[in-house]
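Engineer: So TrEMBL lists the following for this protein:
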type	residues	note
REGION	1-36	region 'Disordered'
DOMAIN	238-342	domain 'Fe2OG dioxygenase'
Amino acid sequence: MAIATATQAQEEKHVQWKGQESSELTPPVTPPCTTDDELAFADLPPCTTDDELAFADLPPFPSDIPTAPLLRISLSKLLAGSQEEEERLWKACCDLGFFYLDLRDDKDGGKGDERLLEDAASLFEVAKEVFDLPVAEKVKYDFKEKGSYYGYKGYGDGVIDKEGTKDRNEFYNTSKDDILNQTDPLPAPQLLHPHRPLFSSFIHHSHAIVTLILSILNTRLGLPASTLQSKHRLCAVSGDQVRFVKAPAQPADDRQTALGEHTDFGSVTVLFNRLGGLQVRVPGSGAWTFVRPLRGHAVVNLGDAVAKFTAGLLRSNIHRVVSPPGQQAALARYSLVYFARPEDDVVLKRLRGSRLVDEKVAGAGGEAAGEEEEVSSKEWILRRALGRRGVG
């Protein structure tokens, strides 16, 4: 397994990678992130793609559409301890909050996580089976009236703006704690039962990536060892989940936003999709730009919890989902997501012990932290998740 064979040097540098605890090295001197909106994207070139990164069995993403300036970060280089790659990860997390993570093994023998790519491909097929079930069967697993955001959300059962406009997608959310037998199992469609080992593998591999990212950010922030990782333990009860999403093709004369503008309310999101439709709002310009799907890559972004922990030093960026561009608009759009969130009892407030975070607050005249609300991760997630469904 590629992740399990990370070099000893990397294991000593980052903690909790595949469950192995070790000590962190002394944090390197890290310059503050660029905060001037005019400068934030000065050296982030648009992603260029080639046939190697396209999905050959799908209509092409239009070549004439401007795309978001996401950096491409190599997992294999992060695992090898590349300081240059870690610096690029840090910059992406500060400036845009979104980046591509190349999961493929590299040509020089470096290992990514091909197993995660295989699991994702298999789960896309499972998602299609779930959404093909009769509506009467799927709604049995809508648990919003029980105060749960797990299970099924039907097409149009959420709102995308304050006017109450209905969304245009379906969700099916599977709890990490259910799959790992850390809580009582939730009712689920029969067809999902044989796939629990697949879910477990996908969760373990996705969470290992989350832990690596948090470890690198923890070091760059100069926080005490394992501060961020200790709030996101795989074995602890949390709101972590796997989400299937289906956005059916919309009529050519009535193409609306499928999922309204929002920020993610967890810590780290690992997204797999094959069709366009995801758009991010570029800080400074406010322009909406498409994120081009790349084969062999995940799209990773940070959420509100990490922004709260760092007084906004790390960015939780606004994004939305619209109809895919060009010929892709004729197809249903499927997505697969792993949402990593802080453990249920973690209080979402600024972390102490980081010089960079303290300087961020001081530079804002102490306003960056503001009057911090004492809210637990569980309460925050329930508010955000169920609020869009008209509950509470």
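Note that Cβ sites are derived from N, Cα and C of the backbone, with glycine treated the same way.
TrEMBL labels come from automatic prediction, so no person has curated them.
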Engineer: Over the domain 'Fe2OG dioxygenase' (238-342), what is the model's mean pLDDT?
Structural biologist: 94
Engineer: Could you give the number of helix, strand and coil residues in the domain 'Fe2OG dioxygenase' (238-342) as assigned by DSSP?
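Structural biologist: Summed over the domain 'Fe2OG dioxygenase' (238-342), the classes give 11 helix, 42 strand, 52 coil.
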